[in-house]
């Protein structure tokens, strides 16, 4: 049996029988040369399974659809709950070289129910959440990954409000029926003490008071609980006597209640836009009712106002006037008024307008004790799509500059790129350029949310995240040490003229609202050359400069359209090039042909967008140098670009789509190659397909409507082949590009997908083709777009033989061998297609700088073909020692810098040639090729397949990359079924296979990307970026939310005030609510659910030796300090008592012998 297993393992990880090549991975030209066997290579692989572990590190961006807000005033940690059940907690990070960027932590309720309310156990490292499924959860924050310790599910009542007094172990829970229950925080079990609604109100009252909307204990007496009902009824309940002290019946509905710190009065906000003040001495009627924004009309009545949803009533020592802060309350006189937050301080009223509706707000105060002067210093305002903190200590109420990246979603994110271990000087340069455009007027004080600690370990190399957006903007983010700070913003739309009303039709057929949406990004950090692919089938090349420049942008236009026969047979006509017009190769842009040049007004040889053709002043930063656009051909818009690669050392740019491939020399501004995929094969086409020219008119194919209308579950789709589809006789070969497929929609965004408009006479569907550029013109539901893949509808291997179109799915420039007979590596372009074919195109590039600017670059397709299963996704190159071979690059130089005669500006190139020190393989190197189905390692130049591994049979790979981890190299793959797989190189031995996501959606598939150092990221919601690590070493860099901090002591009230005006009675909640006196609650009322993180959380909390010692030390210090203070107070009282006794004795002796009439 063991021998049989070894044979099976050898079939997947061993080299082929014929080391010189096989029909599946051989070449059509050249003579096979001897290739080493895997044993002869003897590459020592250091990576083991123990080096890998999947772990979420940090989530950036604004929480999607926020619902609740909470703050711990001692730990200074902020928490935001969302509609999807997520919790974002915001600790803070401080680095001397990074300033104080924000870091946040994310946790998720497994039920996915919306978070209605949150309560911190102040300075205890715990959080209570109330969810829409009527469940309470207790979260432990005393560990690196917050976990649920207990849950309590209410079965018969719905939770509406929760209140947890400071330093109390009993939680008050109000319900929709008007009842108030009490929960023990430590055991998470209901107490038998219940305040029923019919006991809270008078017996003579016939109507139900409504749900509980407010609960709070009196600052003057903790034994009194104020209960607010929605109908306007307010009850002060005496917890000891189990009866109501007073009841208030008000005409208007109540939304919130806030106490004065002395406990003598409280304020209510109402649905008519009014604020009512109540005095505890006289509760018959409010002693003050105000309409802050209600004007008095001619008839003397107040105009109607919107409800005041929340009010906060806070006092300050420095001012006799209190702060009254509330949201809402504006009059109905103006439609479309922006949401406001009003701050009333004395007679001054300040109205702050917000960009989005207010979800919740909270006033941050200096003390956690409600019976002390509050001293408010900031207001945290949670909006639907933003997060604002207002400084209350300054008269103009400025806002704080937010260290968290809340504007990731300023425009919907359409693509992402992640670069680790960047050049160290790139981040300061980008920051210095971007800092010039930052807003001013922020508060000068430090950000008030300053809790938590975070460690970054030894890996603090520079990291940059680049996001592309639907409006054509590009954002560069500093992602060093799991932070995210905005560095620089680039607007690609400035390259083009604003389209006129009559010219909108050119891009309207391609995209409805966002003609500048970014599909793909290619960046060379060393040379700082940046390329952007837009949805309107255009590529923009940028160079970085620290100086202003006045330049004219060069524009190149390509006719990359081709039509082929539906069914190809060997008896068809000869190959005919589909680019008969040589003008497509002209280095100068062609003038757009007017639409009236044909009787049918067919658009031809015009781009979707018009590039500015005048002198443009460009500020420092990235400056556009070249624009490459694909043209309309015979009334058909260009196919969108599916892949892109640039190489700064070669000065070349390559792009591909569903029709073919183009290579551009951006130094000489010329087009070197513009061919269909079939023309690249020449006579080496393994399927013997033929092109057809001239193009024929396309007919409507109604049978394709089921491609997008039917929502098919992902589980069914995973069992079908993604490599071929048969729909009405046409073949579709999907790919897994990160960019959106087709011209039908712009991906990503809270508003859902944007659909295309069809021009007159256009068929509802184009011919079936590769999914890299599949066009869908019928409406697709947002759920289908985000949560399912429209992949194969049938499985047939023979359909490949009938494939009529082949998309270029990946490109990469490298120093490699274009032919088997080559003895030295030369510049090559590796091309991968949707049929699993790999073409190697050698190039001849002049080495002298002057010749490079003048002599042409020769590109000669040789017909070299390698084959894999599924669309080709990624290339990687290793030397014979197993080390990664990086692509050559040009060192950055500022082309617009002032001329320096001592330092002539010459191109400085850095080459990484394959190592030839290994005698086992001579001068060759290894090529790693990964497709949707399998991965292969070829030895070059013999093109022998040394290793092959079938990655998946039931699903397909969405994203793959060759990355460096722990000073070694591996192949990382992300599959459509949510699995993350790691394979060793070059042996392709599986090291990790984890089901990370149970169900993936198109947003994740479009934005998921790996990078070096064992990290990856994806867009987990329209507004959030999730970063993960698959490295064990990186998993240890998580921070801690809870830090041991001494709880501030209550203020000393003074001897006389405490003796005469204080609360003489002590309130023991344990005695009142405990099982001994209150009994047990009904089991059918709520169900206790032990949390999975209970035992693990206790172990993790107990396992932190340093934290335990620190807590023990603080506890000892607190105990010793309190004992010392007690001793001092005792001595002081004894001294005072002796003094009092002495004075009393002297007074007695003096007055003893006096008569009564002598006094």
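The backbone N, Cα and C atoms fix where each Cβ goes, and this holds for glycine too.
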Among ranges 503-536, 537-570, 571-604, whichever one Swiss-Prot labels region 'Disordered': 571-604
Chain residues outside the repeat 'WD 6' (307-350) and at least six past its termini with a C-beta under 8 angstroms from it: 253, 255-261, 266-275, 291-295, 356-358, 360-363, 365, 373-376, 379, 381, 383, 390, 392, 397
Mean of the pLDDT scores, which run from 0 to 100, over the repeat 'WD 7' (358-392): 94
Long-range neighbours of the repeat 'WD 3' (159-195), counting only residues six or more past its ends (CB under 8 A): 116-117, 119, 121-122, 126, 128, 130, 134, 136, 138, 149-152, 208-217, 222, 225, 227, 229, 237, 368-370, 1047, 1069-1070, 1072-1075, 1078-1081, 1085-1086, 1088
Contact set, same chain, for the repeat 'WD 4' (214-248): CB under 8 Å, 6 or more residues outside the stretch: 161-163, 165, 172, 174, 178, 180, 195, 197, 199-202, 207-208, 254, 256-257, 259-264, 266, 268, 270, 278, 283, 370-371, 1063, 1065, 1067, 1072
